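Reviewing the structure listed below.
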Amino acid sequence: MGDRAILIDSAVLLYAFGTAEGERSRSRAFVDRLAAADVRMYASTEMVQEFAHHRLRRTRDRRRAGREARDVMASMTILNFDREVLDLSLDLIERTAVRGRDAVHAATALAYGIEKIASPDPAFDGIPGLARIDPLADGSESVL
């Protein structure tokens, strides 16, 4: 998909919707910079589910969590979780240190030819073919 594509990890959006001011403002600014630079933002189906789960747990408001998850879906392209992604995620679990949902996110990016993932989580480091961009790090805008 090229340099202008990035998969967004749930942590980026959870911080953007969260209450910790530093993480919230940096995550929102990062997403705004992506949009302004016409970077195509993608998400795994599992990311949306994970986002909704955490927002429901945090807010205890089912309608709000559903609405916020739908807002996230409207802001990026949601990629399918199919047999290929599942097989690749299991391969990543076997060959790298990545686990669980993170393996699904990484496998989704790789299956769709996306070479960058936005995440503050170092669990994505060291996955062949995938470069992590930390939206909370100074200088993250320079890698767009």
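Glycine too: its Cβ is placed from the backbone N, Cα and C atoms.
Marked as domain 'PIN' by TrEMBL: 6-127. What TrEMBL records for Asp9, Asp102 is Mg(2+) binding site.
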Cβ packing number for Asp9 (Mg(2+) binding site), 10 Å threshold: 28
Surrounding CB atoms that lie within 10 Å of the CB of Asp102 (Mg(2+) binding site), all protein chains: 25
Residue distribution over DSSP helix, strand and coil in the domain 'PIN' (6-127): 80 helix, 14 strand, 28 coil
